[in-house]
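Undergrad: Structure in structure tokens, see below.
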Amino acid sequence: MLISPTALYALALLAIPLGAIVLISFWTQTGVRDFDTTLTGANYVEALSDPIYRALMFRSLRIAGLVTLVTVLAAFPIAYFVSFGVPAQKKSLWIFLITIPFWTSYLIRVFLWKVILGYNGVFNSGLKVLGVIDQPLTFLLYNANSVVITLAHAYAPFAILPIFVALEKIDRSLLEAARDLGENRVMTFLRVTLPLAAPGVIAAVLIVFIPTIGDYVTPELIGGPGGTMIANMIQAQFLRLNNAPLGAALAVLAMLIVSVIAVAFLVLGSRASGAKGTRK
Amino acid sequence: MKGLKLYAILYLIFLYAPIFLLPLFAFNSSTIIAFPLQSFTTQWFSALADIPEMHKAVLNSLRIAATSAVLATSFGIFAAMASTRYRFPAQKGLMGFIMLPLVLPEIIVAVSLLVVIVNAGFSTGAWSVIAGHTLICTPFAIAILQSAFASLDPALEEAAFDLGETPASTFRLVTLPLVMPGIISALLISFTISMDEFIIAFFLTGADPTLPVYLFSMLRFPKLLPAVMALGTLLVLASVVLLTIAEYFRRRGIKRAGAKDTGGFL
């Protein structure tokens, strides 16, 4: 069994830790490294009833949803352009250009967004030089907006690549057929290209949404008090407030919510594209 | 398509904006990271030579990244071969599980590993970062290696068997050279991911910080920021060089296998 070493590794380092975190979320912390191992649901009650945790969870969902929307909407035209508007031999160069920024230090990229969006930042001083504004714009940094911009930048290739792959798989003769049968460009796009690209769009949505909800660095560095997310609270519970069980409960809840949303989205998505498929 | 092209170019500017700013501030003599720029200087680069903790962090990161890359690529070879060659029960479920870290928020991986390590009575250190990085790099290595193995013609291996080679020598003499470009690009990609990964290292690094963890602590001191810019410039240069090499090998691999190039990594 060739797969066994890899599967065993994943089992030992992923399944067991995930099981452990679920288990510990039912414990109570009594000292720095001591736990009362009697099972209790108190952490979940606290995580669900305390308005701070609830607000953080909703904000994380809202920010991740917004990031996903912005990223996927901005990414689709790029993927479309590279797939349909670039000559075949130049496609991989474009994809390479799009992926390079993603492979450079994440921390430094996030920090540079702080430099760009800050009070005396590149963006504000640029607008001031151009005479568009007199006073620097303050809504750009240390809030949810800055988190959305930075994450949309960070996750761009994750959205572009799956959509690009789906568009590449479309048989070009289908588009010609639609045009021959009298559809115009827009209708061809809406009735042929878009439904066939749906799997890529669904993959893009999930691959952006799931990791962004757990992002720690961006909210920590540029989120300010209005942009902190659930990952910052999980980190604080584990490393600063010394309440690992509560942190674990928050992590488990975050995972559950994300999984429910992801599964619901997958079901809706496949139903939508399936329905379009049968109509065609 | 004209409008789309303009949009694509603007989008690329958006993608590259932070990276273009990096060298501007790295060579700028002002200690404040803002416009207008002052005079040209290389003092921040020479200042990097005088931060011994940073050198330690770089060495630590290099060691961790090299080890994780080798481990992740080895695991990747097993899984990619198994999934492209054979059909077995629960294949989809197992592969899905192995690829899970690709979509799991990294903080979940980090805290769950921390919980197990602490409760099992071990102390964290370079080894635990390696364990975590291997876990998250393996799916990337698999994705690259799967396409390398999929484009490999099984007839070549059968021919080697027929000519009397053992499975081991066939793998060494036929399979390995043909998928070598895929292996090299999987190694480089895993290395780059591990070098850059922050949150798992932040939780599991113990007393010796990795470079990103050290960088994160530097960001809190405004005095150190120009040096951070210089360091960032060097890091960007290093990753562009590594990625160009990885891309070169990936393309060569595809050409060698006679397949059509369908795009980049992932």
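Backbone N, Cα and C atoms are what each Cβ position is placed from, and that goes for glycine too.
What TrEMBL records for B:7-27, B:62-82, B:94-118, B:130-152, B:173-204, B:224-246 is transmembrane segment. According to TrEMBL, the feature domain 'ABC transmembrane type-1' maps to B:58-246.
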Undergrad: Which sequence-distant residues neighbour the transmembrane segment (B:130-152)? Criterion: at least 6 residues beyond either end, Cβ under 8 Å.
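TA: Non-local partners: 64-65, 67-69, 71-73, 75-77, 79-81, 83-85, 98-102, 106, 109-110, 113, 175, 178-179, 181-183, 185-187, 189-190, 193-194, 197, 200-201, 204, 250, 253-254, 257-259, 265-266.
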Undergrad: Given a Cβ distance threshold of under 8 angstroms, which distant residues of the chain, six or more beyond its ends, lie next to the transmembrane segment (B:173-204)?
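TA: That would be 61-62, 64-66, 68-70, 72-73, 76-77, 106-107, 109-111, 113-114, 117, 124, 128-129, 131-133, 136-137, 140-141, 144-145, 147-149, 152, 156-157, 160, 165, 210-213, 216, 239, 242-243, 245-247, 249-250, 252-254, 256-257, 265.
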Undergrad: For the transmembrane segment (B:7-27), name the stretch out of B:62-82, B:94-118, B:224-246 with the most CB-CB pairs under 8 Å.
TA: B:224-246
Undergrad: List, by number or range, the same-chain residues at least 6 past the transmembrane segment (B:94-118) whose CB is under 8 A from its CB atoms?
TA: 79, 83, 124, 128, 131-132, 135-136, 138-140, 142-143, 197, 199-200, 202-204
